Amino acid sequence: MKILVSVKRVIDYNVKVRVKPDQSAVDLTNVKMSMNPFCEIAVEEAIRLKEKGVASEVVVVSVGSKSCQETLRTAMALGADRAIQVEAEDGLDSLSVAKLIAKVAQEEAADLVIMGKQAIDSDNNQTGQMVAALLDYPQATFASEVVIENGEAQVTREIDGGLQTLAITLPAVVTTDLRLNEPRFASLPNIMKAKKKPLDVKTPADLGVEVGSNVSIVSVTPPPQRAGGIKVGSVAELVDKLKNEAKVVS
Amino acid sequence: MSVLIIAEHDNKSLKPATLNTVTAATQINADVHLLVAGFECQTVVEQASQVAGVTKVLVADNAAYEHQLAENVSKLIVEVADGYEHILAPATTTGKNTLPRVAALLNVAQLSDVIKVESADTFVRPIYAGNAIATVKTTDAVKVLTVRATGFDAAASTGGSAERQVLSQVIASDRSRFVKEQLAESDRPELTAANVIISGGRGMGNGDNFKLLEGIADKLGAAIGASRAAVDAGFVPNDLQVGQTGKTVAPDLYIAVGISGAIQHLAGMKDSKVIVAINKDEEAPIFQVADYGLVADLFDAVPELEKSL
């Protein structure tokens with residue numbers, strides 16, 4: 001079984017986000033970038049399936065400028081076998097990215113596509129579902145457990161209020177939630193080995209996909225700041241404030 | 001042109017997030033239609049028809065829609081999409097699961113987690129876990145949006161009298177099958193729906209100490225949450241995590257106990273109405289966003305707070 005995993009290079013989750021003064025976008029200059037946390041979980045899950053003997057090959061794909069090759073190398077250091085960079089401007093819209101990944105999944109004849117449920121920059125939570133729709137594949141989003149048997153994926157999903165289990169026929173798309181696994185760290189020897197693993201570069205034209213979006217950014221602004229609060233001296237004062245000032249406790 | 005909303009329900013009752021989505025829809029156009037796709041969902045249809053502002057309820061009642069499988073519901077929506085310029089769903093796990101499929105099938109973008117309607121083609125949505133707010137304009141022929149419930153007041157659940165239209169389409173994928181569902185049977189509310197949340201951080205010391213928070217949670221009807229540090233330390237399971245990579249919450253009252261206030265945690269809770277922080281380190285960044293900060297040892301303050309409530 002072949003697994004395709006998509007990864008996105010995003011601003012590191014520990015970095016404080018700043019909006020550019022011209023309000024056109026978030027400022028990404030000289031900011032630490034990392035693999036999107038949900039993509040890390042997707043890579044980990046694919047590698048575990050390979051280690052269990054369920055998968056035979058793990059291919060990792062990223063859509064973006066040359067710098068995303070670094071993220072692809074990280075995925076290979078973690079255990080992915082080879083990588084594909086689809087060369088495109090960073091920040092392409094979800095539908096365009098979905099079309100590109102769907103095409104790669106088709107060309108690779110991937111049996112399973114594992115993707116993060118959302119990227120922590122644009123927070124869209126839609127690319128995986130779109131890939132599934134474009135390929136007319138079944139999907140299981142927000143996965144917290146994946147079991148592959150008899151050409152099916154039994155996936156436990158995190159839904160509002162609990163868990164739901166679906167059985168979907170392969171080929172299919174799974175998107176990861178936090179509880180699916182705890183990603184490993186890459187060892188130094190594996191980081192060195194990853195440098196020699198194959199990395200192909202393709203363009204949207206190679207894939208026969210036209211990219212573009214009808215959505216434009218009007219502005220990106222900082223969120224309203226919270227007015228500074230006060231320190232209370234005791235639990236009694238706190239309770240009094242909550243009851244009589246904030247009126248959130250009766 | 002009319003707005004179509006995909007109703008959120010469990011075949012028994014209409015979920016409140018639908019009402020907030022109706023309010024968002026009425027800000028786009030006064031003619032709001034609700035699609036109820038489900039199985040033996042007659043009571044939901046009754047409730048949907050009474051929602052103030054809804055003019056028409058489309059009903060697809062078939063076993064194929066019982067569990068809201070995205071494969072089936074998305075194709076049903078696309079079949080009825082003709083004539084609508086806007087298709088909305090609450091940004092719940094169900095709406096987030098299905099609606100991007102609809103957008104892709106219609107070859108249009110989806111705008112996720114809309115918190116404000118500027119006009120029929122311009123919408124506001126948080127990005128970077130709410131650390132930046134984007135205003136976006138779309139010229140797509142059909143605008144597909146998920147709506148964050150906390151961004152809009154709920155429409156009145158009564159007062160309307162919508163006409164009904166029964167849909168006969170049955171779309172049943174043979175490649176996706178419902179196996180089971182385990183809904184949490186807790187007396188406590190869900191984190192994302194709770195009016196009050198009390199969360200613990202690394203300062204709790206260990207998992208057992210989270211029991212200290214339960215007394216307060218019981219008294220306030222609160223959900224219990226945790227910071228990533230507490231989850232990473234193995235004190236509590238991942239599903240309690242509030243933060244950028246966990247759950248984003250905006251309750252009326254958020255009590256942070258032993259939480260220093262890492263950026264990733266603040267991103268998940270800073271839209272709460274009132275924030276209380278209890279921490280023994282007076283330099284902790286959590287105090288910068290807290291309305292009421294108490295510098296104290298949580299092991300003294302928490303039991304005392306429980307007694308005083």
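Heads up, the Cβ atoms here are built off N, Cα and C, so glycines get one too.
Residues or ranges marked as domain 'Electron transfer flavoprotein alpha/beta-subunit N-terminal' by TrEMBL: B:3-182. Across the domain 'Electron transfer flavoprotein alpha/beta-subunit N-terminal' (B:3-182), the model assigns an average pLDDT of 97.
TrEMBL lists B:Arg202, B:227-228, B:241-245, B:258-265, B:Asn279 with the feature FAD binding site. Long-range Cβ proximity for B:Gln244 (FAD binding site), meaning a same-chain Cβ under 8 A and a gap of 6 or more residues, is found for B:Ala129, B:Ile263, B:Gln264, B:His265, B:Ala267, B:Gly268.
The 10 Å shell around the Cβ of B:Ala262 (FAD binding site) contains 20 further Cβ atoms across the protein chains shown.
Packing around B:Arg202 (FAD binding site) is summarised by its Cβ count: 18 other Cβ atoms lie within 10 angstroms of its Cβ, all protein chains included. Chain A lies within reach of none of the binding-site residues B:Arg202, B:Ile259, B:His265 when a CB-CB distance under 8 A is required.
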